[in-house]
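**Q** Just lifted these from TrEMBL, have a look:
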| type | residues | note |
| --- | --- | --- |
| BINDING | G83, A133, E134, R148 | S-adenosyl-L-methionine binding site |
Amino acid sequence: MSETENTQPTPADLAHALCEVGIELPDDRIGLLDRYRSVLWRWNEQINLTRHTTLEKFVNRDVVDSLELAKLLPERKRILDIGTGGGVPGLILAICRPDLKVSVCESMQKKAKVVEAIVSELHLPATVYGCRAEEVLQLQTFDTLVARGVASLSKILRWFEPHWSAFDQLLLIKGRKWVLERGEARHNGLLKKLELRKAATYLTPASEAESVILSITSPKTTSRRG
Ligand SMILES: C[S@@+](CC[C@H](N)C(=O)[O-])C[C@H]1O[C@@H](n2cnc3c(N)ncnc32)[C@H](O)[C@@H]1O
């Protein structure tokens, strides 16, 4: 199919695009994912939520990233997506992994209101917080925090330094600059009390771009909980 930004794909197009990258999902999940894509693109005409407005980018970037993350999340874990923007990866996780207890937060009020509207229209099992993640962590605890494209590793580690008792693990989707970011974070002394490991490496389909998922834990917190 020759796809342009003005073409509205069908659920069958989505199923085909998922199949092309080796993703198998039940029909009802594909249907819901397609409705999410459609509602997201509709809102995107009014407010800038995503640059991924072709089916190929939606699948190859948003769905692939979210499902790579999903592979690392045990059943029924409590997840907080920090800086969800238009709902990636949080709402895609809520759609594809209904066993998870997904919360998403977004500090920009306009975006957070749209995410709330999407969750409500699609009846998604997700809680939306319209504030900074640091504020959510003063109220709630989570098993895992997840994020894509929110800030540098150093910034994120600074934000969450006082909050490690509110979560066990941080999973960050990063591009090839992750090594530089790790160097900077080490230089800034932000990794001294933390363990960072590369939990996954994968290629974005139809490109040579390598992505990684970094897992960061605080041994002190883990042993206290474990
Ligand atoms: C570049 S967007 C990425 C959106 C989405 N995660 C994605 O990958 O498509 C980053 C978003 O994080 C939000 N943000 C930045 N710092 C935040 C914080 N501390 N807590 C919650 N949201 C934050 C911004 O308002 C912005 O919408």
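Using N, Cα and C of the backbone, Cβ positions are placed for all residues, glycine too.
How about a rundown of where these features are and what they're close to?
**A** Contacts of R148 (S-adenosyl-L-methionine binding site) defined by a Cβ separation under 8 A and a same-chain sequence distance of 6+ are given as D65, V88, P89, L172, I173, in order along the sequence.
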**Q** Check E134 (S-adenosyl-L-methionine binding site) against DSSP and tell me helix, strand or coil, would you?
**A** helix
**Q** If H, G and I count as helix, E and B as strand, and all else as coil, what does DSSP give for G83 (S-adenosyl-L-methionine binding site)?
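**A** SS state of G83 (S-adenosyl-L-methionine binding site) = coil.
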